[in-house]
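Listed in Swiss-Prot for this protein:
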type	residues	note
BINDING	E12	Mg(2+) binding site
BINDING	H18, D170, G171, K172, S238, G239, R240, F241, D249, R255, K256, A272, K276, K280	ATP binding site
BINDING	E46	K(+) binding site
BINDING	E59, Q102, D249, K280	L-methionine binding site
Amino acid sequence: MAEVETFLFTSESVNEGHPDKLCDQISDAVLDACLAEDPDSKVACETCTKTNMVMVFGEITTKANVDYEKIVRDTCRGIGFVSNDVGLDADHCKVLVNIEQQSPDIAQGVHGHFTKRPEEIGAGDQGHMFGYATDETPEFMPLSHVLATKLGARLTEVRKNATCPWLRPDGKTQVTVEYHNDNGAMVPIRVHTVLISTQHDETVTNDEIAADLKEHVIKPVIPEQYLDENTIFHLNPSGRFVIGGPHGDAGLTGRKIIIDTYGGWGAHGGGAFSGKDPTKVDRSGAYIARQAAKSIVASGIARRCIVQVSYAIGVPEPLSVFVDTYGTGKIPDKEILEIVKENFDFRPGMIIINLDLKRGGSGRYLKTAAYGHFGRDGADFTWEVVKPLKWEKPSA
């Protein structure tokens with residue numbers, strides 16, 4: 001029997017204490033606070049951080065009474081940044097705020113200063129967004145991305161529940177998976193390499209770090225069937241990672257857009273998600289495109305699917321919709337495109353209604369800002385709901 005041809009593909013993740021992810025979470029916590037009191041809030045909130053300082057800035061038009069400084073400190077504290085030696089002290093760091101109103105030029109073009117009906121609301125900006133799905137995992141997400149993301153989440157879990165008390169908030173993960181290409185569908189064979197770099201305190205040895213990471217992080221996350229004697233482990237390969245968080249590196253909202261999406265699979269239009277209200281199609285367009293791609297794969301029409309949608313500022317209807325099933329479709333892609341167009345409304349105002357995207361509060365968007373926006377469980381992730389598709393099945 002001929003040996004199966006394989007290839008390697010790698011995805012990375014960072015956990016919630018990474019400086020860029022800290023910024024994503026603060027930006028989305030601000031969005032949550034605005035939407036909780038005023039669902040029509042227009043929010044474009046950026047965050048940056050460096051040693052002993054967090055700044056939030058951008059354009060926000062809202063009736064909500066928002067205490068920006070409290071949101072910053074609460075978010076940092078929730079992640080675990082409670083003293084300078086872990087990278088940031090939530091209660092004593094400088095918090096700078098520079099927020100202005102949304103430009104009236106943008107407001108009149110997008111929502112007519114709140115006068116337009118939902119179906120008339122224009123895209124908040126130009127751009128193109130992608131949604132992707134694959135049948136290789138129950139989440140309809142790439143395995144390399146799922147494992148890297150879950151390792152990051154598990155690192156945080158064992159830090160917060162004190163299983164590994166030497167852990168500090170900052171950390172990164174990376175997983176290389178060996179795949180077989182089955183006529184366009186991706187079939188994971190094994191995990192080739194696992195890389196974890198995590199911030200730690202002064203007391204722990206590198207041997208203890210490696211042993212704890214294998215036992216408490218890798219074992220519970222990566223299914224046994226994917227690990228073998230040839231799997232390579234790089235556990236804190238730099239040898240020392242005591243200084244971390246904003247003390248180690250500056251952080252900025254929107255710097256982790258591949259981690260937020262599909263781990264390098266599919267494609268990305270370049271627009272970040274966090275800190276943006278749903279009239280920003282960077283966010284809402286990517287969410288509806290994911291629902292469309294996932295619904296196609298979950299319905300069995302294709303094993304793998306990417307959907308692209310594009311917009312012009314102020315125009316409700318998308319400029320283009322594109323579908324590619326990588327040769328895995330049971331019917332031609334042009335027919336699948338028609339199914340997508342018939343079953344999904346890509347106008348921003350209608351996406352907002354159909355996915356209930358004005359609902360903030362209860363940390364809804366904050367939850368999305370670490371460990372990925374897609375392949376997640378829970379009622380808040382409305383774009384992960386598989387939509388039953390109306391289509392004429394070909395007769396056998």
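Here the Cβ of each residue, glycine as well, is placed from N, Cα and C on the backbone.
Between the C-alpha atoms of K276 (ATP binding site) and the residue listed as 'Mg(2+) binding site', the distance comes to 24 Å.
Of the recorded residues, Q102 (L-methionine binding site) and E46 (K(+) binding site) place their C-alpha atoms 13 Å from one another. If you compare every pair of Cα atoms in E59, Q102, D249, K280, the residues listed for L-methionine, the longest distance is 30 angstrom. Between E59 (L-methionine binding site) and E12 (Mg(2+) binding site), the C-alpha separation comes to 31 Å.
When the C-alpha distances from S238 (ATP binding site) to the binding-site residues E12, E46, K280 are tabulated, the minimum falls on E12. Looking only at Cα atoms, the residue listed as 'Mg(2+) binding site' sits nearest to K256 among the binding-site residues E46, R240, D249, K256. DSSP assigns K276 (ATP binding site) to a strand segment in the three-state reduction. Mapped onto three states, the DSSP output places G171 (ATP binding site) in strand. Across the residues annotated as binding ATP (H18, D170, G171, K172, S238, G239, R240, F241, D249, R255, K256, A272, K276, K280), the widest Cα-Cα separation comes to 42 Å. Separating the Cα atoms of G171 (ATP binding site) and E46 (K(+) binding site) is a whole-number distance of 22 Å. K280 (L-methionine binding site) is 18 Å away from K256 (ATP binding site) when you measure Cα to Cα. Taking Cβ-Cβ distances under 8 Å and a sequence separation of 6 or more, the neighbours of D249 (ATP binding site) in its chain are P19.
Looking only at the binding-site residues H18, R240, K280, the one with its C-alpha closest to the residue listed as 'K(+) binding site' is K280. Neighbour counts were taken as the number of other C-beta atoms within 10 angstroms of each residue's C-beta; across the binding-site residues Q102, S238, the minimum falls on S238. Annotated pair H18 (ATP binding site) and K280 (L-methionine binding site), C-alpha to C-alpha distance, rounded: 25 Å.
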